[in-house]
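Visitor: Supplied in structure tokens, the structure appears directly below.
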Amino acid sequence: TPDYEHYDDNDMLDANTPVDKTSNTLRVPDILALVIFAVVFLVGVLGNALVVWVTAFEAKRTINAIWFLNLAVADFLSCLALPILFTSIVQHHHWPFGGAACRILPSLILLNMYASILLLATISADRFLLVFNPIWCQNFRGAGLAWIACAVAWGLALLLTIPSFLYRVVREEYFPPKVLCGVDHGHDKRRERAVAIVRLVLGFVWPLLTLTICYTFLLLRTWSRRATRSTKTLKVVVAVVASFFIFWLPYQVTGMMMSFLEPSSPTFLLLKKLDSLCISFAYINCCINPIIYVVAGQGFQGRLRKSLPSLLRNVLTEESVVRESKSFTRSTVDTMAQKT
């Protein structure tokens, strides 16, 4: 169910769908979206469920596990909602779940997707502070503050989702006969554009800037220390930032363009046909995070020697981060002692 859905007479005259709905023919973008949804569902549910299981036992004693637990929960819940999108696309975007479900289910999908983005930005900021302000982290960084930061991320994600919940409605069509579920701003283009701009800035630009700035400074700090200079660090940085940018950019750009275009324009109609594919592309980010941190954090031989839960526990817990923080703390203290 596209979040930037517009109702107009063009929806009622779709030449690709017969009146009796007997044809199983789907557009190529919809077929590609279904394939992506299927892969993301299988990988995302299993991968994030494993991460939740591993980090749930560690969250009481390690802050890093709190970050990844919340991130995995957001991605896991997003993946669980995929059969809903899958069913709607298979039925030529017919919505068989009713009006209440039209408001709640797509809004929950958006809530979890934006929570995933904001939590990823929070994790990046935390790693930045660990490296550049380790003394403050040792004095004030605790589980309570981590849970508060996660609550703020979830709260902001909820605010970003409210417009979708308020303006999402169902509409019955007759040629072909089907029910559509989408966002209807009542032809108020200013409100629609304002919602799109706020969502773009808070849900994409700001997290992207946070990721880019944090990992750029972390990369510079790492490369300035000759003992830790390696191409692996560069690959981790490129993977995290590039995956976020690549998978979310089409969804955000098409949504912004559709909010500024007239529903009858050829460009709008083309973007509307690609909307499901853009959503599925953004969904890849829900299953890619566990893969990035596991594959980038360990060598191939190490992955073969360890069981997957054990490997995830080593990657997602606090040990390596704490050691890095303590190392910088000792270095800072030694430097201060030499100056006095």
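Numbering starts at 1 and runs along the chain as it is shown here.
Placement of Cβ uses the backbone N, Cα and C atoms for every residue, glycine included.
Note that the coordinates shown come from a computational prediction; the quantities given were computed from them, not determined experimentally.
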Visitor: Quick check on SER88 and ARG61: does Swiss-Prot annotate them with the same topological domain, i.e. the same side of the membrane?
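Guide: In Swiss-Prot, ARG61 is across the membrane from SER88.
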Visitor: Return the single candidate from CYS79, CYS102, CYS278, CYS286 listed in Swiss-Prot as disulfide-linked to CYS181.
Guide: CYS102
Visitor: If you check Swiss-Prot, which stretch out of 14-23, 304-313, 324-333 is marked region 'Involved in C5a binding'?
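Guide: The range carrying the region 'Involved in C5a binding' annotation in Swiss-Prot is 14-23.
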Visitor: Examine the transmembrane segment (31-57) against the transmembrane segment (276-296) and state whether at least 3 Cβ pairs sit under 8 A, considering only residue pairs 6 or more apart.
Guide: yes
Visitor: Have the transmembrane segment (194-219) and the transmembrane segment (104-125) got at least three CB pairs under 8 Å, pairs 6 or more apart in sequence?
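Guide: In this chain the transmembrane segment (194-219) contacts the transmembrane segment (104-125) - 3 or more Cβ pairs sit under 8 Å.
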Visitor: Helix, strand or coil by DSSP: which one applies to CYS102 (disulfide bond)?
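Guide: Its secondary structure by DSSP: helix.
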Visitor: For CYS102, CYS181, listed as disulfide-bonded residues, tell me which one has the smallest number of other Cβ atoms within 10 Å.
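Guide: Per-residue Cβ counts within 10 Å for the disulfide-bonded residues CYS102, CYS181 bottom out at CYS102.
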